[in-house]
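Everything below concerns the one structure shown next.
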Amino acid sequence: MSIRPTESSAHSSNLSGDDAAPIRHDWTREQITALFDLPFDDLLYRAHTVQRRYHAGRGLQISQLLSIKTGGCPEDCGYCSQSVHAETDLKAIALMSVDAVLQAAAQAKAAGVQRFCMGAAWRSPRERDLERVCAMVEGVKALGLETCVTLGMLTDAQAQRLADSGLDYYNHNIDTSPEYYPSVITTRTLQERLDTLEHVRNAGLKVCCGGIVGMGESREDRVGMLQTLANLPAHPESVPVNSLMRIEGTRLAHERDVDGLEFVRTIAVARIVMPASVIRLSAGREHMSDELQALCLFAGAGSVFIGEKLLTTSNPAPHQDRELIDRLGATSQESAPIQWIAKSRQ
Ligand code: SF4
C-alpha cells in the first residue's frame, strides 16, 4: 500500500487538516518505505510541517548524559565499548557516589542543561545499586532538572521503585529492526527489551527509546526500526536517533558511514510517524557538519545532548555547540534565548 500523496488521502502532503498527521500505531512497512522514498524536499516539507504543528514554540531541549557506572557489561552489543566482549582498553569504573553525580548535575544545570541523563553499564540493576540510583534521581530533581536513567532491563517492581523516586524518563533503546537485531546483540532479545519498556510504562514513567543508524543495516531495517517504535502501544515521548560512533575493538568498528542525507531522511520519517514525540539528535554529532546538524533539526529533531562525552564516546566541544545553537537562533524549551550561564567556565 502506498502513501504517496493524493488529493483525498489522509496522508496527503497538504497537511492542512487535523487528520493529516494523526497519531497512529498501525504503520505498515510499505507506508514507511514510501515516506523514505519521497523526494528529499517533499519529505522535509512534510516532516517540518508536522514539527510545526505538534511542537510549535517548544524550542530546543538540551540534555546531558553521564556514565555513572562504566564498563564491564556482560551484554554483547556490537557497537559498545563497555561490553566485556569488546576488545577496547576502556577502564571499568564502579558506580559513582551520589555526591559526585550531584556535583556533575549542578555543573550541567549551570551550563544550560534541562535534562540530566545517567547511564550504567548493567544487564539489569542489583537492588542495592538501584537504591543509590534512586538517591541520585532525588538529588538531581531537587536541583530543578528533569531526570532520565538507563540501567538495562527492569522488572515491574524496579520500574515502580524508580518512579517512586521521582524519575521522569527511562531510556531503553530497541537499536534496530527485529530482523537485524540478532546481528547486533545476542545476549538479550528484542522481546526482553519490549518487556522492560512495558514495565516502564506500567510504572507511569515516560519512555525514551530509539536506535542507531550506520550499523551495517539496510534502509529496510531502518524502516523496520521506525515501524517497531511507531507501533508500540504508546509512542516513546523521546526518540533518540544515533549515528554509530565507530569504536576500535568493537564488532561494528568497521561499518561504512551512512550517507548524511539518509540520516536526515531517518530523522524526518521518525518525525512523521511519531508526530508528538521529541526526536533526539544523539550520538554521532561530532562527525557531522554544522549544516548537516541544522538539516536534522529542520527535519524534526528537537533535542541534543551537550557536554564533552556521551557515556564513553566523544561529543562536540561545548563551545562549538554554543556557537552553533546561537548561530541558528535556537530558543530553549521556554521559548527564550538559551542562557549560557556558565560560558566562561567551559
Ligand atoms: S549498550 Fe548497554 S547493555 Fe549493551 S553492552 Fe553497552 S552498556 Fe551493556
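Cβ atoms are placed via backbone N, Cα and C, with glycine included.
Per TrEMBL, [4Fe-4S] cluster binding site is recorded for Cys73, Cys77, Cys80. Taken from TrEMBL, the feature [2Fe-2S] cluster binding site covers Cys117, Cys148, Cys208, Arg280. Positions annotated as compositional bias 'Polar residues' by TrEMBL: 1-16. Per TrEMBL, domain 'Radical SAM core' is recorded for 58-282. According to TrEMBL, the region 'Disordered' annotation covers 1-21.
Shown here: features listed in TrEMBL, placed on the structure.
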residue : record                        : Cβ within 10 Å
Cys73   : [4Fe-4S] cluster binding site : 22
Cys77   : [4Fe-4S] cluster binding site : 24
Cys80   : [4Fe-4S] cluster binding site : 25
Cys117  : [2Fe-2S] cluster binding site : 27
Cys148  : [2Fe-2S] cluster binding site : 23
Cys208  : [2Fe-2S] cluster binding site : 28
Arg280  : [2Fe-2S] cluster binding site : 25
Taking the Cα atoms as reference points, how far is Arg280 ([2Fe-2S] cluster binding site) from Cys73 ([4Fe-4S] cluster binding site) in Å?
25
Tell me the Cα distance separating Cys73 ([4Fe-4S] cluster binding site) from Cys148 ([2Fe-2S] cluster binding site), rounded to the nearest angstrom.
20
Just to confirm my parser: what is the rounded mean pLDDT across the domain 'Radical SAM core' (58-282)?
96
Can you tell me the CA-to-CA distance separating Cys208 ([2Fe-2S] cluster binding site) and Cys77 ([4Fe-4S] cluster binding site), as a whole number of Å?
18
Shell list ([4Fe-4S] cluster; ref centroid = CB of Cys73, Cys77, Cys80; cutoff 8 A):
Glu75, Asp76, Tyr79, Ser81, Gln82, Ser83, His85, Ala86, Ala121, Ile185
Cα-Cα distance linking Cys117 ([2Fe-2S] cluster binding site) and Cys77 ([4Fe-4S] cluster binding site), given in Å to the nearest integer:
20
Quick one: which of the binding-site residues (Cys77, Cys148, Cys208) have their CB closer than 6 Å to ligand 1?
Cys77
Pop the Cα-Cα gap between Cys117 ([2Fe-2S] cluster binding site) and Cys80 ([4Fe-4S] cluster binding site) into the table, whole Å please.
18
Inter-residue C-alpha distance, Cys117 ([2Fe-2S] cluster binding site) and Cys73 ([4Fe-4S] cluster binding site) (nearest angstrom):
19
